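In TrEMBL this protein carries:
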- 12-33: transmembrane segment (TRANSMEM)
- 150-173: domain 'Glucose-methanol-choline oxidoreductase N-terminal' (DOMAIN)
- V152, N160, A161, M162, V163: FAD binding site (BINDING)
- 322-336: domain 'Glucose-methanol-choline oxidoreductase N-terminal' (DOMAIN)
Amino acid sequence: CIVRLWVNYRLILRFYTVWLQIQANFMASFLMLKRCFYRNLAPSFHFIKVHRPMVQQKCFLTGTGITRYSSSHDYVICGAGSAGCVLANRLSASGENKVLLLEAGPKDWTWKIHMPAALIYNLCDNRYNWYYETEPQEFMDNRRIYQPRGRVWGGSSSLNAMVYIRGHAYDYDRWEKEGAEGWSYADCLPYFRKSQTHELGSDDYRGGGGPLHVSRGKSNNPLYQAFIDAGVEAGYPFTDDMNGYQQEGFGWMDMTIHKGFRWNTANAYLRPALRRKNLRTETRTLITRLVFEKNRASGVVYHQGSHVKCAQARKGVILTSGAINTPQILNLSGIGNADDLKKLGIPVNVHLPGVGQNFQDHLEMYFHQECTQPLSLYRSLKWWNMVPIGVRWFLTRTGPCATAHLEAGGFIRSREGMSHPNIQYHFLPSAFKDHGRVTVEKEAFQVHVGSMRATSRGYVKIKSTSPYDHPIIQPNYLSTEEDRVELRDSIKLTREVFSQKAFDPFRGKELQPGDNVQTDEEIDAWVRQNADTAYHPSCTCKMGSEDDPMAVVNNKTEVFGVENLRVVDASIMPSIVSGNLNGPTVMVAEKAADIILGNPPLPKSDAPVYKTPEVGQR
């Protein structure tokens with residue numbers, strides 16, 4: 001026993017020494033970069049801060065009225081996020097197109113982005129994050145809701161929880177009914193498959209040869225199985241693939257994790273293309289406006305350090321900046337509601353009242369339950385345990401740091417008459433608050449529960465002519481009675497699931513909402529105080545037909561009223577899908593790439609889809 005203890009002590013000491021060396025190396029690199037910043041880059045940022053009005057007014061017109069470009073390309077892609085990285089790869093693949101990819105943030109070099117379990121650090125770090133906040137929400141006790149959005153290579157795929165969910169087939173059929181011709185589920189499924197390589201192999205639903213690696217969890221915590229079993233005991237079905245034939249039910253989550261790494265779109269799409277001579281990337285750039293020649297978008301003006309640059313786009317400018325930044329860029333360029341633009345003194349290029357409107361998001365709540373056995377992540381989060389766990393990931397890419405821990409979940413219908421699930425669950429064997437910034441100091445587990453297709457609608461619009469000012473974000477969360485009832489029902493249904501026999505060995509006291517929250521009025525009050533975003537803003541530049549006055553782009557992703565300008569990101573979704581948005585955004589970019597290149601669309605899928613049982617059954 002003494003020898004064994006001595007060996008274990010030496011092993012732990014060795015791991016700890018390696019960890020200290022890693023920390024020392026990181027700190028040395030950080031100090032070196034810091035010195036470099038203050039010597040070379042700090043004056044540039046000071047210049048922007050002091051001389052911002054002058055920089056913004058600088059003109060790119062020659063004496064003849066012709067724009068002088070600092071660089072020329074076939075395509076300029078504005079945003080290296082979930083969609084932008086896909087397009088950068090696909091549009092540059094043939095070698096025929098010269099592509100420029102602009103990103104406001106830095107490259108995704110930090111290990112915190114690539115370690116799956118470190119997602120909380122990135123989610124609340126303004127170095128890689130726009131760090132937005134909404135306007136005070138009238139129906140949520142006037143709270144401002146934190147809205148993190150990726151500002152780094154990979155965009156929000158570098159910040160998210162890596163859950164890969166496509167949504168329900170009916171969501172895409174609804175898109176087509178709302179005017180997005182050619183975007184039905186049968187049209188979109190082939191592009192989901194094209195983008196994906198699933199570790200379980202390909203079939204009619206999964207892909208087997210795409211850049212985006214998708215895997216299942218490896219942690220084997222019995223709490224996951226208890227959650228799935230409890231859902232089945234409560235009367236819901238089991239599903240072996242939420243992205244396959246049957247979304248409805250409880251089962252195992254797919255995740256964009258590959259060999260212990262976060263597999264963001266920068267890893268999946270951008271890095272394999274960086275050696276191409278026809279692809280150029282620029283980081284730390286702020287797009288200020290688009291350049292027009294009559295009604296044709298011909299380029300982009302952007303700030304980089306103390307420099308103002310203008311990139312020409314011969315074949316097209318493509319906005320891939322997301323549901324918040326894309327409307328902002330359009331507004332700053334004179335595209336949007338004419339009345340709003342005139343109030344700010346912005347010349348109107350195209351009156352498109354739908355720009356920034358139709359804002360949709362998923363709201364969710366954290367339901368906390370005390371755990372009677374030491375199975376949660378509570379002890380793993382103690383610093384003396386984090387050291388060997390972290391060292392294990394650095395050396396082997398395995399262990400608790402190699403997963404985001406949202407490995408089980410579910411989709412259910414909260415009431416009779418629903419065509420497909422309207423409530424989603426993410427199960428976590430730990431308990432956090434405030435976007436992960438506050439840890440519950442005891443053994444506990446939680447489930448995120450929220451509605452999938454809220455009826456509340458909001459908007460995004462600029463508040464000034466400065467691209468440095470955050471836009472107004474007004475989601476109007478819980479502004480309809482239907483949305484409030486849905487979240488109230490979610491709490492009741494979650495209690496029903498947690499009360500099942502499968503949780504008997506693990507279930508302790510309900511920590512949140514708590515035993516004092518029982519009546520409808522008490523539940524509604526708790527929801528107003530605690531509901532939060534699931535980080536899925538979308539639909540602010542909706543795709544639709546030409547006769548839809550609120551549509552911003554057509555089914556070819558072209559902006560109405562402007563030539564040579566497209567939008568390809570979550571903002572063009574006509575309506576939000578029933579699930580996490582990263583997978584659907586990648587699909588949108590894959591499909592848009594074929595449209596832009598003039599390739600014929602992939603053949604429609606004839607894969608069957610699970611139909612909801614008769615009304616009255618679960």
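Glycine is no exception: its Cβ is also placed from the backbone N, Cα and C atoms.
All TrEMBL annotations are machine predictions without curation.
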Outside the domain 'Glucose-methanol-choline oxidoreductase N-terminal' (322-336), six or more residues from its ends: residues with CB under 8 Å to it: 78-79, 81, 104, 130, 132, 147, 149-150, 155-156, 287-290, 292, 346-353, 355-356, 359, 460-462, 465, 467, 471, 473, 537-541, 552, 559, 561-562, 567, 569-571
Secondary structure content of the domain 'Glucose-methanol-choline oxidoreductase N-terminal' (322-336), with strand meaning DSSP E or B: 11 helix, 2 strand, 2 coil
Around the Cβ of V163 (FAD binding site), the count of other Cβ atoms that are within 10 Å: 21
Cβ neighbours of N160 (FAD binding site) where a neighbour is any other Cβ within 10 Å: 25
Most Cβ neighbours inside 10 Å, all chains, among the binding-site residues V152, A161, M162: V152
